[in-house]
Every structure is written in C-alpha cells, then in structure tokens.
Amino acid sequence: MSGALVRRAAADLLFLTLEKRRTLDQAMAESPPFGDLDGPDRAFARAIASAALRELGRIDRALAPLLSRPLQAASPAIRALLRVGAVQLWRMDVPEHAAVSETVEAAKAWQDARSGGAFLNAVLRRAAAERPDLDALPVTAIWPDWLAAAFEDSVGADGAAALAAAQLAEPGIFLTAKTNAAAVAEVISGELLASGSIRAPGGPVEALAEYGSGDWWVQDPAAALAANLLMASASGDPAKSDMIMDKSGMDAGKSAEITAIDLCAAPGGKTLQLCAAGLNVIAVDRSKPRLKRLEENLARTGLSAEIITADAETWRPETPADLLLLDAPCSALGTLRRHPEGAWIKREGDIARFPDVQYRLLKAATEMVRPGGTILYCVCTPLRSEGADVVDRAVAEGLVTRLPVSPEEAPGFASCITGSGDVLTLPGESAEHDAFFMSRLSPEALK
C-alpha cells in the first residue's frame, strides 16, 4: 500500500499548491499524508509533485483530449491525481502498471476522490496507451497563457523560451564563499565560476564537505551579482573599491568605515556578502520571522550586522549610508526554475500591485544614502514593469541617475548588460541562474 500512499501524498501537495495557493515548501510542511512518509517515499512524493508543477500547463493540455469533460469540471482531488498519474507516465521512469494502479489506489485513500476512481482509472489507462508528445507543445505552454504573454512582452519570444527551458531543468546548487572561493570549491569538489560563485556537486547540500562550517552559504549566482555590483562602485571612491574587491588583503578598520544598508534584507544572503567584505552593515526588514533566519545565518557564518525591524518606506538611518542595496518585494517570477508553483499560485492581479510598492521603496532609498553614494535596485523577476520601468520612472522624476555597469564589473554576466547599463540575467544553456533585473543608481540626479 506504500506506493498508493506516496501518490496520495504527491496529490495532496498539488492540491495544496494549486487549490490553496501554498508554496511547495509550505505544502510539504502542512500536508499530513506527506508528513506520514519517511525517507525515499517522501523524496519520491516530492519528485512527482515537482515534476508535475514544472510542466503543468503542458500536462493539462495533453490531458484535455483524453477527457469527456473539461479538466476543471473534475473535483480538485481527481484533478490532482490525474496530474500525478500523467506525469509519472509521460515524464518519469515509472513502470506503467505502477503509475496507473497505485494512483488509482490512492483515490481510495482520499475521501474526496473515491467517487471518481473509475473515471481516474479510465483516463490514466488511456494516457498510458496514447502517450501524447509533450515536447510537441510550445515550451512556454508550461505556464498559464497570461504569464507566457507577460514574459514574451518583457523579454521577447526567445527570452521567454529560455526561461521556460530553464524551468524544465533540475536546478543546481550554487554557493557563495565567505572569503576564499577557490579553497571552498576545492574542499567540496565544486566548480569555481567566473562570477566567483561555486557550483556544488550533485546531491543534498547537507552532504557537502564542511557543511555547517560557516565558510559558505547557498546563493544563486545572479543574486550574488547584485551585492558585487554595489561594492564594485564603492561610492565612486577608487581606494574604497580596491579594498572591497580584494577581500584577502582588506584592511578591516578602513573597510568598516563604509556603511551599507541592506533594505528588505531577509533572509540575508546579500547581507552576508556585505558583511564578509568587512563593511558596516545595517540590515532592515519588517518581517521578524524572516529576520530570525538572518540572525541564524549571521551566527552560523560568524559575521555581524545591525539588524532593524522596520518598514523600509518609513524608516530612516541616523546617518546617511555610503551604499544601499534594495532587493525590492516582487513577483519572484525569475525563480520559477526553483519554485515552479509560483506560475500557478500567483495571479495576474497580484503582479500589478508590485511596481508602485517598488517605486515607493526606491524613492525612500534615495533619502537614506549620502551625496555621492550608490543604490543597487534589484528584483528577482524579468518583467519589465517591475524592473526597467520602475527605474525609468525614478530617472524621469529626477530621483536618480544610472551608474552603468561595465563588463569588467560583471564577470560571467557581461552578456546580460543592457543598453542602458542595467543587468538582466536571463538563463540560458550555459547560464544556469535565476532571472534578476538590477540597476545601479546615484541619488544625485542631474539638475
């Protein structure tokens, strides 16, 4: 019966994400059927749910011709089980008999699905027999139509296809080193990238050598780039820039003279980067639970920062900072390769509320930085409305001017620099990272 229980748990994860709009992590924490599993069974249930979420739009399109009525007419429980069965048959190395029979058995263990068992059985048997070619469907069909259109509008058809292809691939694990990246890469048998990030070998992060040592933390290469670009400017002071970028020979006393604010800081990967460079860091976030994670990360790495719980729109520092990093709240649609459920738990209306919030935060940030200081605005989404449009508005209203990024400042990401000197990190075949927009700015607008 364990096979049926695994499918029941996988279906419950889909039910919670797609019907209750939970993230997959939240669903795994909340699902009793998933919580009842152990070891390999739990990993398999997660793998089924993840595979279904990665390609959900295509799976639903391929299921449609096999049904006598629209998929949405089926109960939420049956919809979840249909997707669980279909992804095993079409995308996973699961024997046909097990994929069908164990999924049908799972319906018997779910009160909301019991009455649809015969229907489920018939559809899955047909799915096994006909084996539709999912790859014949457009790669962007993995998303809701509105989202595919939004991506194409922002980054073009090729850019949208690259984002979709990245979502279909299992994401790797990348690390940022506290000090010596080459040494960390050697210790964990990883690959040191041109950007300074480290690609970890396969397997769980807990199995890496020196796990828990505090010498590194998990961070996407594109996320790490934001803090690096901010520090590269060093408020326009070449001496300070040299100090920051050469961590191995840094004068801690002098580098501590540079104050950096990390606005909307939690959970703190960028805060850790700024601290590791020896800066005097103030980390601000309004979420106490998320700041708790930041405190834990600081303790684990032996780094320190001033932590402030406050609303970034209204908080102001006692003394203006040299540097400010604003990782603004956003749709997070650039992280779908790691969180594919985001394409389905977000709605078009949810996205529309972000640009005004982002603009207000950027405006507030200009009041926190000294004359000659630098702001790095970034969002983990490729949507133009949350990235370049927000910055363009601030420039047009005289709040900021751009400080264009040069190729030398962005090793590994030179091709991502836009004509305006911003950075848009679209993934590609040889570029495994999240999609971020970032713009380096001066609050001293031209008069």
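Backbone N, Cα and C atoms are what each Cβ position is placed from, and that goes for glycine too.
The Cβ of C380 (active site, nucleophile) has 23 other Cβ atoms within 10 Å, all protein chains considered. What TrEMBL lists as active site, nucleophile is C380.
Summarising the environment of D285 (S-adenosyl-L-methionine binding site), the number of other Cβ atoms within 10 Å of its Cβ, over all protein chains shown, is 25. If you look up TrEMBL, you'll see D285, D311, D327 marked as S-adenosyl-L-methionine binding site.
Taken from TrEMBL, the feature domain 'SAM-dependent MTase RsmB/NOP-type' covers 139-444.
For the pair formed by C380 (active site, nucleophile) and D327 (S-adenosyl-L-methionine binding site), distance between Cα atoms is given as 8 Å, rounded to the nearest Å. Neighbouring residues of the recorded S-adenosyl-L-methionine site, listed in sequence order and excluding D285, D311, D327, comprise L263, C264, A265, A266, V284, R286, S287, A312, P329 (Cβ within 8 Å of the Cβ centroid).
Taking Cβ-Cβ distances under 8 Å and a sequence separation of 6 or more, the neighbours of D311 (S-adenosyl-L-methionine binding site) in its chain are R286.
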